[in-house]
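Notes follow the structure.
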Amino acid sequence: KKDGYPVEGDNCAFACFGYDNAYCDKLCKDKKADDGYCVWSPDCYCYGLPEHILKEPTKTSGRC
């Protein structure tokens, strides 16, 4: 498993304006992660993304 910022098609992390932890948690769990939250960036950060399920890349820092 890996942790990181899941990215959209434009290689930018998913924004979570308003620090919406529920949005990020759902987004991450939909990607089969253990959980997720909104960090100060503000972007969604996921914990426990399975390597074999995650098709798109993740970033370890930064929005784009």
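Quick reminder: no glycine exception, Cβ is built from N, Cα and C everywhere.
It should be emphasised that the depicted structure is a prediction, and the values quoted were computed from it without experimental measurement.
Between Cys28 and the candidates Cys46, Cys64, Swiss-Prot records a disulfide bond only with Cys46. Listed in Swiss-Prot as the disulfide partner of Cys24, from the options Cys12, Cys44, is Cys44. The disulfide bond recorded by Swiss-Prot for Cys16 joins it to Cys38 [selected from Cys38, Cys64].
Here the CA atom of Cys44 (disulfide bond) lies 5 Å from the CA atom of Cys38 (disulfide bond). Annotation for Cys44 (disulfide bond): same-chain Cβ neighbours under 8 Å, separated by at least 6 residues, are Tyr5, Pro6, Ala13, Phe14, Ala15, Cys16, Tyr23, Cys24, Leu27, Cys28, Gly36, Tyr37, Cys38.
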